[in-house]
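Listed features, source Swiss-Prot:
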{"type": "COILED", "residues": "513-558", "note": "coiled coil"}
{"type": "COILED", "residues": "813-861", "note": "coiled coil"}
{"type": "COILED", "residues": "1080-1113", "note": "coiled coil"}
{"type": "COILED", "residues": "1213-1253", "note": "coiled coil"}
{"type": "COMPBIAS", "residues": "147-171", "note": "compositional bias 'Basic and acidic residues'"}
{"type": "COMPBIAS", "residues": "386-397", "note": "compositional bias 'Polar residues'"}
{"type": "COMPBIAS", "residues": "430-441", "note": "compositional bias 'Polar residues'"}
{"type": "COMPBIAS", "residues": "776-785", "note": "compositional bias 'Basic and acidic residues'"}
{"type": "COMPBIAS", "residues": "824-858", "note": "compositional bias 'Basic and acidic residues'"}
{"type": "COMPBIAS", "residues": "937-946", "note": "compositional bias 'Basic and acidic residues'"}
{"type": "COMPBIAS", "residues": "1299-1308", "note": "compositional bias 'Polar residues'"}
{"type": "DOMAIN", "residues": "578-642", "note": "domain 'DDT'"}
{"type": "REGION", "residues": "147-212", "note": "region 'Disordered'"}
{"type": "REGION", "residues": "307-338", "note": "region 'Disordered'"}
{"type": "REGION", "residues": "364-445", "note": "region 'Disordered'"}
{"type": "REGION", "residues": "531-555", "note": "region 'Disordered'"}
{"type": "REGION", "residues": "675-696", "note": "region 'Disordered'"}
{"type": "REGION", "residues": "766-785", "note": "region 'Disordered'"}
{"type": "REGION", "residues": "823-858", "note": "region 'Disordered'"}
{"type": "REGION", "residues": "911-949", "note": "region 'Disordered'"}
{"type": "REGION", "residues": "1204-1308", "note": "region 'Disordered'"}
{"type": "REGION", "residues": "1408-1441", "note": "region 'Disordered'"}
Amino acid sequence: MAPLLGRRPFPLVKPLSEAATGEGEEEVYMIEHSKEAFRSREEYESRLERYAERIWTCKSTGSSQLTHKEAWDEEQEVAELLKEEFPVWYEKQVLEMVHHNTISLDKLVDQSWMEIMTKYADGEECDFEVGPEKYLRAKIVKVHPLEKEEQASEKKSEGSCDSPSSDKENSNKVAQDIQLKEESNRLESLSSLRESDRARRSPRKLPTSLKKEEKKWVPPKFLPHKYDVKLLNEDKVISFVPVDSLYRSERPPNKEILRYFIRHNALRIGTGENAPWVVEDELVKKYTLPSKFSDFLLDPHKYMTLNPSSATKRKSLGSPDQKPAKKSKKSPLSPSSWSLANLKKTAVNSSSSEEEMQLMIGANLNKKGSIGKKSDKKKPKNGKSQVLNGQKISAKTRSPKKGLKSPKLKQMTLLDMAKSTPKVSRAQKGGSNTPRSSSKPNKYLPPAALHLISYYRDNKNREDRKSALSALISKVARMLSAEDRKRLPDDLQELVQKRYELLEHRKQWAVMTEEQREEYMRKKREALKARIKEKTRERKQKEREERLEKQKRYEDQDLTGKSLPTFKLVDTPEGLPNALFGDVAMVIEFLSGYSDLLLPDGQYPVTAVSLMEALAAEKGGFMYLNRGLVVLLQTLLQDEIAEDYGELGMKLSEIPLTLHSASELVRLCLRKSDSPAGENESIEKGDEDSEGSAVYQDDEVEDEYLEKLETSEFFELTTEEKLHILAALCHRILMTYSVQDHVDAKQQRSGELWKERLAILKGENDKKRAAKQKRKEQGTVKPKEEVQAAKIVKKQEKINTQQDNDAEDMISAVKSRRLQAMQAKKEKEEHEKLTKERIERETEEERSRKQKASAEKAFHEGIAKAKLVLRRSPLGTDRNHNRYWLFSDEVPGLYIEKGWVHDSINYRFSPESKQDSEQDAEESEDANSSIGCPDDSTQREEKHAETTVPKQGQNLWFLCDTQKELDELLDSLHPQGFRESQLKERLQNRYQDIMHSIHLARKQNLGLKTCDGQQELLNFLRSDIIEVATRLQKGGLGYLDDTTEFEAKVRTFENLKDFGECIVFLQAAVIKKFLQGFMAPKQKKRKHQSEEAAAKAEEQDEEKKMAEEAKVASAVEKWKVAIRDAQTFSRMHVLLGMLDACIKWDMSSENARCKVCRKKGEDDKLILCDECNKAFHLFCLRPVLFNIPDGEWLCPACQPATARRSSRGRNYAEDSTQDEDEEEEEEESEEEEEEESDEEEEEQEMMGQRLRSRKAAKGKPGRPTRRGRPPKNNTHSRVSRQRYVEDTEADVEEMVRQSKPTSRRQNQEFQKCEEILAKLIKYRFSWPFREPFNADEIEDYTKVVTTPMDFQTMQSKCSCGSYQTVQEFLNDLKLVFGNTELYYEAGSSQLSCLEKTEQCARDLLGKHLPAHTYQRRHRKHQSPEPEPETANPGRGRKQKK
C-alpha cells in the first residue's frame, strides 16, 4: 500500500536489512513516514523533493494534488477506519465481486452493498432465534444456493450477457433487470423491517446525506437463502436454517465505508471506461480469489490481430444503409469498440452449441434492425473467444468475406416484428436526420462519423462514457475533412471543430522554436486578457441590466406567478365574530405596548385568547374583564383630564376603584357630559372651573351602550358592546397627559441610549488609536532595548567565565552564590509583578466585558420599548391588498387581514398634493407610521406602479401558524410586485421574530378562572357593608354599639333596595363631626368677639347658614335618592364608596396615636379629646390622670383659656389691648380652618380602600386667604406678650404652643423629619455637624457663633416633641450650616463637607417633604438667628426631573 503517482502505483525503496547496516559505518538516510532507507544523500534528497510535490493521489480516498506524506497519512487513517467499521467476514464477499470487474466504482459499491444487505456472509456472527424472544449467538458456516427457479433465471440473464455478439442494448437490458430487481427488493423490505435489527453507530461522522437517508429509507429484504450455522457457546452445527430465523446483530458497513474498502484494497488498471479492477496480490492469495479473464490485459494491437472479424462485424452493424461493409482494413479499430456494455461475465464456455450461438447472434441482429446480416454458423476452430476492452468477439469471425454472406431468409413472426419495429424506425429516423445539415445530402459520411453521431446521441449525458466519447471525437476530428465536418449535426460539429483546432495547435506547437512559442504565448495572453476584459464588461452590463430589471416594480395583479397559500380563519370562541378580532388585537396591543405605564408591577399580562374567552363567556368573564377595566381606569382617573369627572359632587378619582365598582365608573367616565353634580361643582368653583367634563367626539360611546350599563353590568352586555367600550376606553387613555409623558420619556431614553452608545464606540476607537500609536512608539524603541539587552548578556557571560575560572576560590564561590540569590530574588519579583499585572489586566477586561454586555442589553431593551409605544403598522400587503400583521407575544402568530377598507378610508395610488395626503392621514385609522417606511421619493416613484385599489368587503382575519405555511408564502410572493416585494423583504428580515411568535401560538391556553359575576358582586357588597359598620363601631365614629345583629341581617339580603336601606342607615349612624366632603355639615368656628359684634355677626350669617345647610341636605338627599334608584350592584358599590370616602377614618381610635409621645399601643390607657379628637396617654398628660374621667373630656389645648387662667390665678388680659386680641384670635381661627381643609384632603388621599393612590388636585380653591398673605408666626404673639408680662413667659409659650392642634399630616411630616435627620447623621461627610462644639477646646467659637446648633441637639428636640412645625426643624438645619459657614474659612475641610451634606439634605427634603422648600442665604458674619421663611404659594406644579 502506497500513494499513487497520478493513477499508477509508485514502488517504494526497500528498507536496508540490519546486517547490511551493521557491516559498514556509512551514513544511512531514512524517510520517516515510509521508512525508506538510502545510502546516497542525493537519492534521498531527490526523493524528498519528489515527495514534497503535490502530484500524489491517495489510493484509499482518491484525493489528488497531495504531498506524499499527506496521502500516506490519509491512507493510514482510512486503514484505521476500516479496522473499526468494516467486519472481517465481509472482505471475501466484496473482494470476489471487485476482482477483475469492469464496471464503475459507484455501480460496484451499489452492487456490493446490495449483496451484503440481502445475504449473510460466510463467517458472519448473528443472532439465531430458537424460541419466542430467545436468541443464541451463532456463526454462518455455509450459504446454500437459491432454489432451481431462481438459479435458472440467473443463468438465463448470465447467458444473454455472455453472448459473443452482445451489444449495447443487451447490456442495458441486463442493467435494467438488475435495477428492477434491486427496486423490487427495496419495496418488499419496507413491509418486512425487523425491530430486532440493532444499528451499530459509526464512531466517525457520516455525511448528512446518509443521515437523511437513514431516516427515510428502509434496508432491503434478505434473499431466501438457507444457511448452516454453528453455535458459539456450543459445538453444534445446525443445517438449513431459514433466513427468517437469523437476525443481524451488527450494522453492516455503509456505502462510504464500502467505497473506502474497495479503493484501499484494489486498483483500477487503465483509464478506459471498462478498465478492470485488480485486487492486491496478498488478498488474492489469502482468499484464493478466482480470475475472471485469462487474456484480459493483452495489448490492443495484438488482440486485434487475433480477432479481426469482430471489428468487421461491428462495422457492418453500424452502417446507416444496413449494408455490409466491403473492406475491414480501412478501420483497424472498429467503431463498435466505443459502444461497450457493462457485463458481469465475459468468458464463454467452449462447449456451447452451434444453435445457441446462432439464436443469440440472430436475436442481436434483429434488435439492431439489420435483418439480412447473420454471422457464420460454423463452430470456431480454436474454440476460444477473444476480448477487446471487455467485449466478447468470436474467433471464427475473422474472415470478412464470410461475414458478408447473405444469410437465408426467414419468415418474420409477429414477435420479431414487435422487437424490430421500434429499433428500425429509430435507425431510419437517425439516418434521415444525419444528412440534414449536409450541403450534399447524396454523399454519405464515413462510418466512423456515423458511429460518432449515434454514440453521441445515446451517451452524451452519461458520465461514465465521457472518456470513450472524447476519444471517438478525437479520432473523427483527425479523419474528417473540413467539408465533412460541416455536414455533422450542429452540436456535434462544434465539438469536432474545437477538437480539430486543438490537434492542429498541438502540431504547430511541436514545430515551433522557443522564440516563436514565447511570442505566441504573449499574443495569446493579450488576446485572453482582452477577451476576459470584454467578457467582464459584458457580464457587468448584464448584471446591471438584471439588477435594474429586478428593481422595476409592477402592479402585482398584472404579474403571473405562484398562487398564494390558503390560510385558515382565526379560531374565535362561539359568540365572537371573526370580524371583531381586529378590535381584540388592538386592545391587547395597547395593554402590551404601554405595560410599563398600565401594569408597572409586572402583573400577569392580558392575552388575546383569554380576552376572547372572557368576552364570549357571560358570567364567567367577570373577573378577567373587570381586571382589564381596573387597569385602564387606574391610569385614566389619575390623569389631569379626569379632574373634572365627578358624580354627586365628588370627584371620580376619590371613589374607591375595585373590581366591583369598575363597571359603573366606566359608565361615568365615558359620558358625554357629567351629571348635574358637575354643575353643582361649577357653581362652587366659579366660572373658571365650570367647564365640566371634557367631550370627546372621536372616542365617545353610543348612548344606547351607556343606557344599558345603567341597568346591567358590564359582563352582561353583548360581545360587540363590551369590545366597543374597551376600545373607546383605550382611545380615551391615549389622549391623556400620562400617555404623552410616557411616550416622551421612552423617546428621550432612546436618544440617551444612542448617545451613550456613540460615546462608548468613540472611547473604544480612541483606545485603539492610542494602542496603535503606542505600538509604533515601542517599535522605534525596541532596537535600542535589544542592544542594551545584548550588552547585559555579554557582561553576564564574562562574569560567568570569571566565576568558572575562580571556582576553586572560596571567596568567588560565596560571591557567585550571593549573585545567584540576588538574581533569583530579582526574577521572583519580576515574575510576581508580571503575574499581578496580568491578573489586573484580566480583571479589567472581564469588568469591561460585563459592563459592555449590560450596556448592550440596556440599549436593545430601551430601543424596543421606544418602538412599542409607537403606532403598530402592518408588515405589508399582498397582490389582493390583504394586510399582514405581526403583533406582540400576547397575540402570537402571523395574521392576515382581508376586507379592511371601509367608507371612511380614502385609498389612493396616484400622486396627490400635500394637503390631501395630510387630510387622508388624519381620516385613516390605519395609516402607516413613519418608522420603517421607505423614503418619500421612492414612494412617489413607486406609486405609479400601483394601479388597483382594495375592494370593500367583509372583514376577515386569517392565521399563519406553521413554518411550512410561512415558507410557502415567501416562495409565492413575487419579487417584482409593487406590494409583494416590500412584504417579502420585511417577512425575510423578521423571519426569526415570526417563527418565535408562531412557536408561542402553539402553547396551550390555561383557560379562565371559573366564577359567577352576579354572585361575586352580591358577596362583596355584603362584605363591604359589614366592614364599614365594623370599622365605625370599633373606631368610635358612629352610634353603633353592637353589629352582630346588623351583620346577620345583611347576610340575608339579596335585593338592591334592602342593601340601599342598610347603606342609608349607616350614613345616619355616623357622628356628624366625623363626616367630610359633600356630607360634612358646613359650620364655622365662632370667633371670640364682643357681645355686640357677636350679635351682629349672628344676625348677618343666619341666612347664609340656612342656605348652606339646605345645600348639604340637598346633596345628601340626592345621594340617598341615587341609592334607592340604583339598578346594578356596581352602582351600589360606587355609592357605598362615596360614603366610605366621606368618613374621617383617621379620626378613628384604631389609628389613634398619642400626641405627646406619638406612639400607638396601650389602648386601655388612651383617651380621646371630645373636641379635637386628639389622643393622649393618661401617663403622658401633665398633670397625670390615673383614671378615665366620666362624661366629656377636653385636652389642655381645647379647654377654655379663661378657665385655665382663673384656675391658676393668672391674668393676662389686663395689659393687652382689645385690637391685638381680636387680631390673634382671627389669625388662629384662620389657621385652624386651613388645617381642617388640609386634613380633609389628606384623609381622601390616604384612603386604604383603593387599589392605587389617587392623584391630588392641582389647585386648592378653598384657600384664597392663605395665598393672599403669609401667616403670622407664633413667635410674634409670644414676643408681644413678653413685653407686658415677663414673669409668666413660660406659661404663655406653652399655651400658645398647645393652642394649635397638630394634624395627622404634621405627624407624618415630623416622622419624615426624624428619618431625614437620622440619614444625615449616618452620612459620611456630616462629621463636623454631629456633636456640639467643646467650648474648652475651641475658645473663640462662642464669640463668633452666638447660637450653636448641631444634629445631636436637633435629634433630642425631635424626640422630646419640641418642634411644632416643619419650618422650625428647617430653621435649625439652616442654623447648623450657617454657623459652620460663619466660623470656618474658605478652603477648609469643614466647608467642603458642608457643601456635600447640604446637598444631601436638599435631596432628602425634596424626596420626602416636597411641599416644603429649603433655601438658605450664603452670608458670612451675619446674625445667626433665622427668620421663618414662608413657602412660595405661587410656585405651581413641580417640574419633573
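Keep in mind that glycine also has a Cβ here, set from the backbone N, Cα and C atoms.
Source: prediction; values computed, not measured.
Distant neighbours of the region 'Disordered' (823-858): 753, 756-757, 760; these residues of the same chain sit at least 6 beyond its ends, with a Cβ under 8 Å from one of its Cβ atoms. In terms of DSSP helix, strand and coil, the region 'Disordered' (823-858) has 36 helix, 0 strand, 0 coil. Mean per-residue pLDDT, taken over the coiled coil (513-558), amounts to 90. Residues of the same chain lying 6 or more positions beyond the ends of the region 'Disordered' (531-555) and with a Cβ under 8 Å from any Cβ of it are 942, 945-948, 975-978, 981. For the domain 'DDT' (578-642), the DSSP counts in helix, strand and coil order read 48 helix, 0 strand, 17 coil.
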